[in-house]
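Q: Below are the structure tokens for one structure; questions will follow.
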């Protein structure tokens with residue numbers, strides 16, 4: 001019986017950290033890899049790459065824990081989240097707080113192996129991860145904070161590789177914010193009706209009937225900024241083909257969200273994994289030396 005309870009608790013932690021749903025970690029991973037490849041340029045040192053990949057998974061898990069902790073009183077009223085570990089009682093509030101601390105400490109131990117500039121920037125990463133979940137109570141723009149949180153690995157990657165934060169770093173950071181607002185608005189469209197009832201704010205609610213148009217404008221902005229990064233760094237034609245493929249994926253997402261159906265909006269959100277992958281492959285191939 002004791003082992004059964006332990007198994008049950010571990011499974012609850014697994015669900016709380018969303019390790020069974022890697023999409024969030026992947027959306028955090030791709031911009032991190034973009035930054036590492038542009039900053040190097042090309043393949044970064046294996047240890048730096050390992051630190052950032054592990055850090056992405058740890059901080060995404062920590063972000064999920066603090067997000068569910070912040071939303072624990074709301075999630076019980078939303079159909080999609082009612083069975084999450086905290087509202088269902090599978091994990092206690094104290095256990096969630098302790099798990100968050102452990103994950104953050106592990107991530108910080110990894111960052112401590114890098115240079116001072118990266119360590120200092122990591123403090124802002126922690127602050128953004130902690131603040132984001134609470135923003136949806138006070139502003140209709142929590143997706144902007146999410147974009148900054150998911151994109152903060154970009155200046156950290158540049159700092160770790162080159163100890164500098166050039167123009168390309170901040171253009172990529174801005175591109176990631178636009179991209180995050182676009183895809184998280186798609187995600188928020190799934191819960192829009194429930195969020196309105198319980199008082200949660202989001203860009204999906206703020207944009208209203210202009211949601212599809214604004215998402216499209218944001219997606220065009222992502223393409224323009226990523227193309228500009230390619231030009232500034234002298235990337236080859238293959239990279240621009242990758243940007244165009246990303247544009248085709250954005251067009252497909254627009255088709256999916258056309259009728260604002262919940263399942264289709266969620267499918268559009270999930271499709272953004274391929275946008276990040278395609279752009280990374282374009283960068284990696286541009287820096288590949290045969």
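For all residues, glycine too, the Cβ spot is worked out from N, Cα and C.
Among the features that Swiss-Prot reports, transmembrane segment is placed at 23-43, 46-66, 99-119, 141-161, 163-183, 213-233, 234-254, 268-288, with the record citing sequence analysis.
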Q: Are there three or more C-beta pairs under 8 angstroms joining the transmembrane segment (141-161) and the transmembrane segment (46-66), sequence spacing 6 or more?
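A: By the criterion, they touch.
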Q: Using a Cβ-Cβ cut-off of under 8 Å, list the residues of the same chain that are 6+ residues beyond the ends of the transmembrane segment (213-233) and lie near it.
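A: Those are 38, 41, 167-168, 171-172, 174-175, 178-179, 181-182, 185-186, 203, 207, 239-240, 243, 246-247, 250, 253-254, 257, 279, 286, in sequence order.
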Q: Taking a Cβ cut-off under 8 Å, which residues six or more beyond the ends of the transmembrane segment (163-183) line up next to it in the same chain?
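A: Sequence-remote neighbours of the transmembrane segment (163-183) are 27, 31, 34-35, 38-39, 115, 117, 143-144, 146-148, 150-152, 154-155, 203, 215, 218-219, 221-222, 225-226, 228-229, 232-233, 268-269, 272, 275.
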Q: At a threshold of under 8 Å on Cβ distances, which of 99-119, 234-254, 268-288 pairs most often with the transmembrane segment (23-43)?
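A: Per the Cβ count, the answer is 268-288.
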Q: Would you kindly check 99-119, 234-254, 268-288 and say which stretch has the most C-beta pairs under 8 angstroms to the transmembrane segment (141-161)?
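A: Going through each listed stretch, the top one turns out to be 99-119.
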Q: Is the transmembrane segment (99-119) packed against any residues at least 6 beyond its ends, judged by a Cβ distance under 8 Å, and which are they?
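A: Distant Cβ neighbours of the transmembrane segment (99-119) are 13, 16-17, 47-48, 51, 54-55, 58-59, 61-62, 65-66, 69, 91, 126, 156, 159-160, 163.
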